[in-house]
Amino acid sequence: GAEGEAPQPPGPAKPGSGRGQERTPSPAGSCVSAPPEPEFEEGPCGWGGCTPKALQLFNNPEGYLAAYSLLAVAQGVVVNGLVNISISTIEKRYELNSSLTGLISASYDISFCMLSLFVSFFGERGHKPRWLAFSAFMLGLGSLIFCLPHFGSGKYQYGDKLEDTCQTSETTSANVTCNASTKSSEQNYLYVFMLGQLLLGVGGTPLFTLGTAFIDDSVPKHKSSIYIGIGYAMSLLGPAIGYVVGGQLLNIYIDIHIPERQDTTHTKVDHDDPRWLGAWWIGFLVCFFSVWLLIIPFSMFPKHLPGTAKVQAEKISETHDNGSEALVQTKNIGKSLKDFPVALLILLRNPVFMSLIMASSSEALVATGFATFLPKFIENQFGKSSSFSATLGGLVLVPAAAIGQVISGFLVSKYKMDLKSIIKFMISTCSVALLLNTVFLFVECKNEPFAGVSETYNGTGTLQNLTAPCNAKCGCLRSMYYPVCGRDGVQYFSPCFAGCASYFVDNNLTKMYYNCSCIGKPKRESDSEDLQIDALPGKCSTQCRFLPFFLTTFFLAVIFTFMAVTPTTVAILRCVPDKQRSFALGVQLVFLRLLGTIPGPILFGVSIDNSCTLWDVDECETKGACWIYDNKRMAYLLLGMSAACKIITIIFVVLAVYFYKPPASNKVLTEQDAEMVSAVN
């Protein structure tokens, strides 16, 4: 119902209607009125009476944006970069299973959700830059706590190497026993990792609530979108830097110096050895010092940047007209803890705000799902290595997401879109992204032949059974997945399951396997120059040629998906009362966590597991990770998940347009809202 109403034309803000004006103080008598503090406490940059002239060069929105971007990058490096890339190493070093490391990852979201509402509520009227100084302190402290287990757990003992070839002796297979009942004392470090993640969650809470609202406070309305877009785009650099730097640090031995002790095979542990663990802790230690340096710039910013009062006076309110703006102003809601229920109820009763929240939560679900499983899709669909697939996934997701957020922020700013235009712009970007996501229909690649899964062992054995007469006496482990490609063009689970009894290492330090009893003759004599070599490490090369087309199309899909992120934030800041903007972002982030980023990887994981054709089974007959997937089924499941989320997003954005009513010239406290306040009080 607001089709016949138009937004107010630009002009001087009217008393009671302009954003940033709670009352109409007299020019000279504002300090004598009931509220003792001025509306906007602008001031110089510095610490107390120490305000060097050089620091005033940074006392502006650009200076704040630079500090905000550095903190956002640092948060992304630690939380979404170093933690994620270190999880597998932490699992091995401290003997934790995936459910326990999942608890470590969830600890960040738990503390974030618990504190987001309260931090954004109390920080709205507080000193926002000092809250970000607190954020930097907690992020640094969390990084320090997270790396402490390395210094308390002693030197890493890597033990003897397990052979990957066929060992026919009785003693070899007898050495591997089920030890599920044993519990290592190293597992107690789980609680230290959880504490570190909880502190990181405390530090991340003010950043994307109070930090973003402070940008909107300090710049004209038509410029805030480009500033927020740049800040959000910079936050995406963090995970990319974390993955690159963290990956390089994992090439350094965990204790820096590789011990001289050699195992029974007289080979020293190296990067390709499954016992190798990298120095995961170095990145956290560096971030501890680096992030604490950011406390300095945030502690010197004033409560409001110079010019904030003028900027706020010139803003025209676009708050959804349900009486909430007048209600917040009349009752001065947000000054004390007892106002919290009323403030929350006001937001939850705003249909435009709730529609935007549900839309952004649906987008967050699909975005985090793809961020988690896109490398797995590339690895299995196109036959690439896990490391190469992760690199390709990062090269697609991070730049495309950053470009999308900057472009949308620029367009909203350049064309000075009002709230309804912004929401309509979101409908168009989501619709294009939905169409581009159909790329999954056209890139399905058939699975390559796999012995014991889709192929028999030269006519022996059965499907869905890796063991056949040719490898029955080898004592092979299904928990050691080390694929090799036979000269017959068939892929094998490991050299052991291929029946390979011997190997040699060429000049490039690559293992060549021979005397493989399960591998048949080559399809063509020219397929193998040296017929002595039966298998090479790695997956067989795929005949699928859709990878460039997929990466290009999906890159565009990610751009259009993230073109809705900055406009969503700007729309939320505009559709709620001025004094509830930080709180609104806090509520949004809680919903994003609960409905998007937490269930996203879980739902995508469950869907992808439905396409599994071969599971990892350890010595205790416990089912673990999936080794082989049905490519066609995986592609269709991902398309179904992404399309469903996109359609839900579009529906809620359309509802936001339908419900939105531009504010009338004179706001009054409606009886309905007055009754709501009295009922809660």
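Even glycines carry a Cβ here, placed using N, Cα and C.
Bear in mind that TrEMBL entries carry predicted annotations, made automatically and left uncurated.
Some features that TrEMBL has for this protein:
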{"type": "REGION", "residues": "1-37", "note": "region 'Disordered'"}
{"type": "DOMAIN", "residues": "64-661", "note": "domain 'Major facilitator superfamily (MFS) profile'"}
{"type": "TRANSMEM", "residues": "65-87", "note": "transmembrane segment"}
{"type": "TRANSMEM", "residues": "99-119", "note": "transmembrane segment"}
{"type": "TRANSMEM", "residues": "131-152", "note": "transmembrane segment"}
{"type": "TRANSMEM", "residues": "189-214", "note": "transmembrane segment"}
{"type": "TRANSMEM", "residues": "226-245", "note": "transmembrane segment"}
{"type": "TRANSMEM", "residues": "279-301", "note": "transmembrane segment"}
{"type": "TRANSMEM", "residues": "352-374", "note": "transmembrane segment"}
{"type": "TRANSMEM", "residues": "394-413", "note": "transmembrane segment"}
{"type": "TRANSMEM", "residues": "425-443", "note": "transmembrane segment"}
{"type": "DOMAIN", "residues": "464-520", "note": "domain 'Kazal-like'"}
{"type": "TRANSMEM", "residues": "546-573", "note": "transmembrane segment"}
{"type": "TRANSMEM", "residues": "585-608", "note": "transmembrane segment"}
{"type": "TRANSMEM", "residues": "637-660", "note": "transmembrane segment"}
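The transmembrane segment (352-374) makes contact with the transmembrane segment (637-660): 3 or more of their CB pairs lie within 8 A, with pairs spaced 6 or more apart in sequence.
With pairs at least 6 apart in sequence, the transmembrane segment (189-214) and the transmembrane segment (425-443) have fewer than 3 Cβ pairs within the 8 Å limit; the two do not touch. Two recorded stretches are said to be in contact when at least 3 C-beta pairs lie under 8 angstroms, sequence spacing 6 or more; the transmembrane segment (226-245) and the transmembrane segment (394-413) meet this definition. Taken through DSSP, the domain 'Kazal-like' (464-520) splits into 0 helix, 17 strand, 40 coil. Long-range contacts of the transmembrane segment (279-301) within the same chain: residues 45-47, 55, 58-59, 64, 67, 70-71, 74, 77-78, 82, 85-86, 89-90, 93, 129-130, 132-133, 135-137, 139-141, 143-144, 146-147, 150-151, 242, 245-246, 249-250, 252-256, each at least 6 residues beyond the stretch ends and with a Cβ under 8 Å from a Cβ of the stretch. The stretches the transmembrane segment (99-119) and the transmembrane segment (637-660) do not meet in space: the count of Cβ pairs below 8 angstroms, excluding pairs fewer than 6 apart in sequence, stays at fewer than three. Across the candidate stretches 65-87, 131-152, 189-214, the maximum count of CB pairs under 8 A to the transmembrane segment (585-608) is reached by 189-214. Within the same chain, the transmembrane segment (189-214) packs against the transmembrane segment (131-152): three or more Cβ pairs sit under 8 Å, each pair at least 6 residues apart. Mean pLDDT for the domain 'Kazal-like' (464-520) in the predicted structure: 82.
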